[in-house]
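The domain 'Ig-like' feature in TrEMBL is assigned to 42-147. Per TrEMBL, transmembrane segment is recorded for 168-190.
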Amino acid sequence: SAVLFFLFPGTDVGVTGGNANKKNAAALTHGTAQHLLWTPEPWNLLVTQTPAKEKAKEGETVVLNCHLNSPQCLSLTDLMVKWYKEDEKGQMDLLEKNVTVLPNNSRVFMSGDLSQGDASLVILNVTTNDHGIYFCEVTLPDGKVVTGDGTKLRIRRALGLFGTEESIGTIIGVVAACIGGIVVLIIVLTPQLGKCILCMRQESCQ
């Protein structure tokens, strides 16, 4: 009868002979073939947004950082990047498939080199309407979606008081502190002024 040789990864060379071992050989071949079938690994990607909070003044340019890191040999330029904002009005999409989706808006666009994992978002000439939490979302080739933790953007109004740009709360606090200081000075100095006036009167009488 024929002699068959089988070589499998992780096993010794097996020799079978005769009809008695044909069934065992067929079963072993089938099981090994299933084991050797290639199954693709799931894509892994880390989306990092830093810092978690960002502040800006009206009229400034803001860059919201988003960095992509993959342990696999993944072509980052093939990834689909989306940016959206959440605020009290709900969710608004800003950028889809690496392109701005806002109508007639050239203030918002993606910057950086996507091949190097940089998917940062730029907002020109920010206004108070730009406040909110911004999320960087990436769609992988296998359809999996990975989203960053978000960056909270706060915009301060440009009031132009004394050549500075401060929030309304800060201005009110400064004014209240000044008024309080003046009142304290009046209370402290009033008795001293009274004594001085009395001394002046006594000297004039002498």
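Keep in mind that glycine also has a Cβ here, set from the backbone N, Cα and C atoms.
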Averaging pLDDT over all residues of the domain 'Ig-like' (42-147) gives 92
Taking DSSP helix as H, G and I and strand as E and B, the domain 'Ig-like' (42-147) has 9 helix, 49 strand, 48 coil
